[in-house]
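The domain 'Response regulatory' annotation in TrEMBL covers A:17-144. What TrEMBL lists as 4-aspartylphosphate is A:Asp77. Taken from TrEMBL, the feature compositional bias 'Basic and acidic residues' covers A:168-178. Under the heading compositional bias 'Low complexity', TrEMBL lists A:187-208.
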Amino acid sequence: MEGFNHSGIVETDQELHVLAVDDSLVDRKVIERLLKISSCKVTVVDSGRRALQYLGLDGDKNSVGFNGLKVNLIITDYWMPGMTGYELLKKIKESSTFKEIPVVIMSSENVLPRINRCLEEGAEEFIVKPVKLSDVKRLKDYIMREEIEVEDINQRKGSSTSQGALKRKLDETHHDNENENDDDDILFSSAPSSPLSTLSSSPLNSPSRRLKTSEDDDDYSD
Amino acid sequence: MLGFGADRLRADMNRLLALLFHQGVLDEQFLQLQQLQDETSPNFVSEVVTIYFRESEKLLTNLRELLSDRDFSDYKKMGIHLNHFMGSSSSIGAKRVKNVCVAFRAASEQNNRLGCFRALELLEHEYCYLKNKLHEFLQMEQQRIMGAGARYPIQN
């Protein structure tokens, strides 16, 4: 990777490509804008079905599979007619091609059983709507870090050491930020699996606003 | 002098927003929407709000039609409309409308038809107030933009 910035700020020559799924036009418009303003490439679709079609996972025998720009993150609403975000999540995690793509679920309610179910199924995070710029920024930072680590591992197989230097710079930046922003530590540990497993037991006054524990049961059957 | 008019407009707009915040009609999500507006997307707030109006009116019509049916029993369908309305309202910061949706949905979950009627009336009332105020706000915004030398495209 060429031309990394010596000030320690992560720069890649690639933008993140995010696939956003929401049946609400208002929400699609907002999430698209949030992502674009955060310098992401965005593909927005209005249903789980269309998301699967886009990825070439819709089981259509004529489908040639995925030819588009690599998707770095999928962000989907939970409640959608036809296929819920949860069902979409399952389909993605079942796919050998796409199961590594982080999936984030959005919902207008923080229903604990629902959140747990999604996390157990492999969702990266569960965001209570409305989604804010700070949410997108945090997600982006997290995904970028993951992407760079993966590239780092791949690069190390070659003889280049520049990638390792970039990752070290990244770690320095992260440690510098650690004290300012405890959210990152709670939500994104370096362990690759379910960074949110610690979060469900966080105290009620945790900086994360997502998991204010709710006593409500999930009334809607799937 | 245009400058004076623009300042006055901005002051009026801020006062209107402050009132709406104070009344709990809007919450900070509306401010977030404003932050998403810039030179590359100069009419973003107006576009989103316009879509919200259009969708909301359809939802309200659907809700009223459902409840007007004497044989109505499809509370689940009502719940779906309400979820949608709740979601889009919270996305633009329409706090009071969203809260009425929550109460409305509670009534529908209890199959409480009378409660639903009451909630629908309240919802229509709140929505009407919100729409008028946002319309006022957007008109002032448009005037302000035009006063600033018509840098932005004029939106019909």
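Along the chain as shown, the residues are counted starting at 1.
Even glycines carry a Cβ here, placed using N, Cα and C.
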Given a separation of at least six residues and a C-beta threshold under 8 Å, show me what packs close to the residue listed as '4-aspartylphosphate' in the same chain.
A:Val21, A:Asp22, A:Asp23, A:Ser24, A:Asp27, A:Gly85, A:Ile105, A:Met106, A:Ser107
Please spell out the DSSP helix, strand and coil residue counts for the domain 'Response regulatory' (A:17-144).
52 helix, 24 strand, 52 coil
